[in-house]
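Peer 1: Got a structure here, written out as structure tokens. Questions coming.
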Amino acid sequence: MATLKPSFTVSPPNSNPIRFGSFPPQCFLRVPKPRRLILPRFRKTTGGGGGLIRCELPDFHLSATATTVSGVSTVNLVDQVQIPKGEMWSVHKFGGTCVGNSQRIRNVAEVIINDNSERKLVVVSAMSKVTDMMYDLIRKAQSRDDSYLSALEAVLEKHRLTARDLLDGDDLASFLSHLHNDISNLKAMLRAIYIAGHASESFSDFVAGHGELWSAQMLSYVVRKTGLECKWMDTRDVLIVNPTSSNQVDPDFGESEKRLDKWFSLNPSKIIIATGFIASTPQNIPTTLKRDGSDFSAAIMGALLRARQVTIWTDVDGVYSADPRKVNEAVILQTLSYQEAWEMSYFGANVLHPRTIIPVMRYNIPIVIRNIFNLSAPGTIICQPPEDDYDLKLTTPVKGFATIDNLALINVEGTGMAGVPGTASDIFGCVKDVGANVIMISQASSEHSVCFAVPEKEVNAVSEALRSRFSEALQAGRLSQIEVIPNCSILAAVGQKMASTPGVSCTLFSALAKANINVRAISQGCSEYNVTVVIKREDSVKALRAVHSRFFLSRTTLAMGIVGPGLIGATLLDQLRDQAAVLKQEFNIDLRVLGITGSKKMLLSDIGIDLSRWRELLNEKGTEADLDKFTQQVHGNHFIPNSVVVDCTADSAIASRYYDWLRKGIHVITPNKKANSGPLDQYLKLRDLQRKSYTHYFYEATVGAGLPIISTLRGLLETGDKILRIEGICSGTLSYLFNNFVGDRSFSEVVTEAKNAGFTEPDPRDDLSGTDVARKVIILARESGLKLDLADLPIRSLVPEPLKGCTSVEEFMEKLPQYDGDLAKERLDAENSGEVLRYVGVVDAVNQKGTVELRRYKKEHPFAQLAGSDNIIAFTTTRYKDHPLIVRGPGAGAQVTAGGIFSDILRLASYLGAPS
């Protein structure tokens with residue numbers, strides 16, 4: 001503090017500067033010409049010598065010369081003090097929802113306090129809905145609606161209640177005094193508007209900007225209550241903008257910087273609460289920064305201060321890759337370049353207004369989008385990443401997608417356009433003359449046509465202007481048509497890496513094609529920051545989901561439908577539940593079950609069924625089963641890159657759907673043997689489709705449950721080996737029966753035991769007939785290249801002929817012991833020869849035939865060594881001729897069968913790009 005007496009002269013010795021405070025060197029000023037300045041915060045105090053004048057000088061470095069002060073509070077300073085600039089500043093902007101009520105204002109104050117930056121400038125919007133309320137006041141007054149008075153009272157009450165909840169004592173009295181004074185002035189102004197029936201733009205801007213004044217004042221009081229020094233800034237005193245012809249404003253950075261220095265010299269503080277949205281013209285007329293003006297205010301202030309960063313606080317966790325209201329899978333983007341953010345903003349993404357980015361780009365100041373209601377979310381950083389940024393190289397080439405709806409496409413076409421200078425100028429001159437805005441332009445390289453998109457509300461004026469301007473060309477035939485295509489939308493794909501990544505456009509258009517979406521027009525600049533397409537408005541959401549899924553969902557994200565939630569299907573669902581998190585985290589395999597259907601009820605979901613509750617949900621919320629709706633849900637109602645139906649039934653009707661599913665691009669996985677062992681012509685048609693398409697059909701579990709029988713056979717064939725013979729025990733039930741048909745036990749006794757243990761089908765005749773084994777033989781034969789049908793196989797049935805006509809399972813089981821003698825004799829004969837009986841299927845590839853029969857094997861033969869329900873398959877090939885290749889293991893049971901199906905699902909994922 002300096003103390004000056006009247007007629008007292010202060011002279012710096014040797015012209016050295018007087019040092020006040022300890023600001024950084026960049027704030028140290030030496031200006032040769034003295035300037036006259038009224039010092040801030042003078043106050044008189046009592047004391048000897050006729051009264052002292054105390055001058056509290058702000059914390060600056062000054063170069064000063066002093067003059068005599070004779071009873072006046074003036075002194076000659078070398079120059080006006082400049083505000084310090086640089087990374088010591090952080091700028092925050094809080095939108096209307098952030099200061100929507102008293103508690104939220106407290107939350108904002110807490111964020112400010114917890115920011116460890118040396119200096120902070122905070123830009124605030126009006127409280128939520130207040131700006132709309134202010135403009136509504138103006139509209140009502142202009143239309144001479146007396147309710148403007150009650151509406152003004154509502155504005156007053158909203159702020160009065162908020163202030164009373166936040167403030168007390170002198171702070172409350174001071175704020176309410178300012179508030180009531182402002183309301184009184186507004187009432188007079190609105191009365192004038194009411195009488196005139198009109199309000200000028202500057203008049204309206206002045207009225208509308210009061211919400212920011214009140215919220216900034218309240219917040220500054222709240223921050224000061226915590227003990228921190230804080231000043232509030234009316235940015236109309238600082239920000240100077242020039243109106244443009246497009247009803248926008250351009251900042252005058254030079255003049256604004258001067259006024260900021262002047263303001264700071266009078267109001268030094270390390271925390272400044274500034275009004276957003278409002279500014280002044282060079283003539284000091286109040287104005288606004290128009291749409292998203294508070295964001296723009298923060299960006300301008302950040303640039304003026306050369307701040308470390310500008311944080312935009314809002315009510316979302318950051319910038320999404322697409323509108324989350326339209327795309328469930330939209331993700332928060334960690335980083336965006338300035339160009340990417342600008343492009344996404346231009347094309348309608350709710351990020352920032354494009355002009356907000358311009359001021360900070362000048363000084364490479366990052367913008368951070370944060371959620372005031374979720375402080376743990378890191379948000380999105382908008383900055384210019386280094387060209388060699390490793391993380392950037394690993395990201396998808398497309399950062400995000402945005403759409404603009406309610407557009408119309410105008411196509412100007414004609415052979416007379418080619419090579420004629422000025423045609424494009426004339427076209428877009430017409431657009432300018434009617435005040436329309438061109439959103440996108442596309443021109444054929446032949447110059448035969450130009451098409452462009454404009455807002456639909458402006459298309460009639462534009463088309464009429466064009467037809468008037470080119471009427472002679474239309475009559476002469478130089479132009480063939482001026483066509484208007486209404487009800488359009490623009491879809492833009494944005495990404496800085498698109499410029500260096502081949503195939504992005506191919507991927508984009510293939511995704512649209514798969515979704516059956518037609519593209520009306522295409523535009524891409526040479527910078528390749530965006531690819532823009534025009535589509536039907538009705539296809540806008542569908543297209544957005546399609547392209548987003550193609551770029552942002554892993555190629556190993558599978559939309560799954562499970563048919564048959566019986567024993568096998570239920571076990572599979574439980575296995576998926578237990579393993580899903582591990583697969584997603586460690587292998588990037590995202591399995592989403594969108595449908596479960598039985599014969600009577602089905603359960604569908606758009607985002608994925610909760611597999612921890614699928615039984616409960618199916619029972620409580622299941623609807624009537626409908627395979628067409630089920631298929632549509634799994635494949636047609638979303639844009640997950642891949643769809644797969646898993647058929648866990650033994651139903652021929654379900655198997656008959658495979659061809660249609662594969663043709664639609666749905667992968668099929670199944671243990672159901674009916675399709676591969678059915679009529680040969682249908683099987684060949686199915687396999688032909690599979691070979692010609694890129695859709696996969698896996699059926700490992702049809703033969704060996706969880707054993708790798710099919711994959712082993714294919715591996716032999718694909719590596720050039722030749723199959724001579726396949727022989728095996730491939731029925732877990734019949735393996736169990738003959739492994740236990742020993743000693744004095746009767747065959748019927750073993751069958752009864754197996755049935756009671758759940759090893760057989762509900763009707764054991766389904767196992768004993770040999771049909772199941774025969775189907776497996778047919779599958780193996782066809783895999784080996786043999787064209788066999790079930791009718792071509794001799795099958796040894798273990799069902800006694802007289803019992804085939806039994807009308808019930810009970811009757812069959814009751815009469816079965818009567819026929820134990822024949823099998824007992826065969827077993828005894830085998831034992832007398834040192835052999836055992838085994839029920840086997842045989843593929844004789846050399847002689848092009850197959851059989852299902854009861855055979856005898858030496859006790860040292862691998863087939864005689866089985867136990868329980870194990871299966872065993874022996875492959876005799878040109879490579880494995882003397883010693884067959886043997887695959888052995890459990891061949892029955894819900895767990896191993898479901899495991900075999902699960903293995904096929906993971907195999908499909910690996911084919912689609914999952915890491916090995």
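Yeah, the Cβs are placed from backbone N, Cα and C, and that goes for glycine too.
Below are the features listed in Swiss-Prot for this protein:
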type	residues	note
ACT_SITE	Lys776	active site, proton donor
BINDING	Ile568, Thr649, Lys673, Gly893	NADPH binding site
BINDING	Ile568, Thr649, Gly893	NAD(+) binding site
BINDING	Ile568, Lys600, Thr649, Lys673, Gly758, Glu761, Gly893	NADP(+) binding site
BINDING	Glu700, Val703, Ala705, Leu707	Na(+) binding site
BINDING	Glu761, Asp772	L-homoserine binding site
DOMAIN	412-487	domain 'ACT 1'
REGION	337-562	region 'Interface'
REGION	563-916	region 'Homoserine dehydrogenase'
TRANSIT	1-87	transit peptide
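Structural setting of the listed features?
Peer 2: Taken residue by residue with DSSP, Lys776 (active site, proton donor) is part of a helix.
For Gly893 (NADPH binding site), the same-chain residues 6+ apart in sequence whose C-beta sits under 8 angstroms from its C-beta are Ala705, Gly732, Ser869.
Sequence-distant neighbours of Ile568 (NADPH binding site) (same chain, 6+ residues apart, CB-CB distance under 8 A): Cys648, Pro671, Ala894, Thr897, Ala898, Ile901.
According to DSSP, Gly893 (NADPH binding site) sits in a coil region rather than a helix or strand.
Long-range Cβ contacts of Val703 (Na(+) binding site) within its own chain (separation 6+, distance under 8 Å): Ile709, Ile710, Cys730, Lys776, Ile779, Leu780, Ile873. DSSP assigns Val703 (Na(+) binding site) to a helix.
Summarising the environment of Glu761 (NADP(+) binding site), the number of other Cβ atoms within 10 Å of its Cβ, over all protein chains shown, is 16.
Mapped onto DSSP helix, strand and coil, the domain 'ACT 1' (412-487) counts 34 helix, 20 strand, 22 coil.
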Peer 1: Over all shown protein chains, what is the count of other CB atoms within 10 A of the CB belonging to Ala705 (Na(+) binding site)?
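Peer 2: Excluding its own Cβ, the number within 10 Å is 27.
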Peer 1: Can you tell which of the recorded positions (Lys600, Lys673, Lys776) has the fewest other C-beta atoms within 10 angstroms of its C-beta?
Peer 2: Lys600
Peer 1: Taking the Cβ of Thr649 (NADPH binding site) as reference, which residues of that chain separated by at least 6 in sequence fall under 8 Å from it?
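Peer 2: Once residues fewer than 6 apart are set aside, Thr649 (NADPH binding site) is near Val563, Gly564, Gly566, Gly569, Asn672.
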Peer 1: If you measure Gly758 (NADP(+) binding site) to Asp772 (L-homoserine binding site) at Cα, how many Å is it?
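Peer 2: The Cα atom of Gly758 (NADP(+) binding site) is 17 Å away from the Cα atom of Asp772 (L-homoserine binding site).
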Peer 1: Using DSSP reduced to three states, classify Ile568 (NADPH binding site) as helix, strand or coil.
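Peer 2: Going by the DSSP assignment, Ile568 (NADPH binding site) falls within a helical segment, counted as helix.
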Peer 1: Could you check which of the binding-site residues Lys600, Lys673, Glu761 is the closest Cα neighbour of Glu700 (Na(+) binding site)?
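Peer 2: Given the candidates Lys600, Lys673, Glu761, the nearest one is Lys673.
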Peer 1: Lys600 (NADP(+) binding site) to Lys673 (NADPH binding site): how many Å between their Cα atoms?
Peer 2: 22
Peer 1: Taking the Cβ of Asp772 (L-homoserine binding site) as centre, how many other Cβ atoms lie within 10 Å?
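Peer 2: There are 22 of them.
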